[in-house]
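Only one structure is covered here, and it is reproduced in the block below.
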Amino acid sequence: IAVPEWTLSFVTCGSVVKLLNLKHNVRLHSHDVRYGSGSGQQSVTGVTAVEDSNSYWSVRGTSDTFCHRGTPVKCGQTIRLTHVNTGRNLHSHYFASPLSSNQEVSAFGEEGEGDHLDEWTVQCGGTVWKREEAVRFRHKATDALLSVTGEQYGQPIHGQREVHAMSSPSQHSLWKAMEGIFMKPSESPAES
C-alpha cells in the first residue's frame, strides 16, 4: 500500500525514493548512457534537477536476504538500490571513476538482477533509516562510501556531477531520502 509521503517517518523495503547528496545538493541519478572509460557500464551521476524520473531508485533486499515490502530498513542492513527506469542496480568495483579517479560507481544488471557488487549497507544513527536523517551507503564488497565531490561532466551529460565511492567518511558521503513513494508496513503482503 503506497501512502502519502508525509505519513511515514522512515524508509521501508519496496519504497521508491530520490536520494539527495546533502553537501552538493544533487540527486542520485542514472540513465542509458555508458561510461567511456573504466567498466563501460551504465553511468551514475548527481543532478541538480528535482523533477527527473531518472532519479528514482527502488529499495530492495539482496539475493540472500529478503526485504519484506513495507518493513523499515534497519541501520546496518544490506540492501540493493535498483534504478527504476532501467532496472539496473547501484554497483561499484575497482575501476577508476572518469573525473576524480576515485572508485567507479555504475548501474549494473538486468531487470534488477546483477551480482554481489550491487550490495550496500545503510549506515545510520538509530535502529531504522529515518527519512529526515543523513545516512551513508557503504559498498559491502569494497568498504567504500557512496560519495560526490563536485566534479562536473561535459557533453553529453553537461553539468551532471560525478558519483563515486571513497574509503573515508566525509561530508561528501551524506545522503537523505527525499521525494518518493513509501510503502507502509502491513500485516500481510500488499496486493499489487
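Cβ coordinates are placed from backbone N, Cα and C, and glycine is handled just like the others.
Annotated domain 'MIR' per TrEMBL: 8-62, 70-125, 126-180, in sequence order.
Per-residue confidence over the domain 'MIR' (8-62) averages 97 (mean pLDDT, predicted model). Sorting the domain 'MIR' (126-180) by DSSP state (H, G, I as helix; E, B as strand; all else coil) yields 3 helix, 27 strand, 25 coil. Helix, strand and coil content of the domain 'MIR' (8-62), in residues and according to DSSP, is 3 helix, 27 strand, 25 coil.
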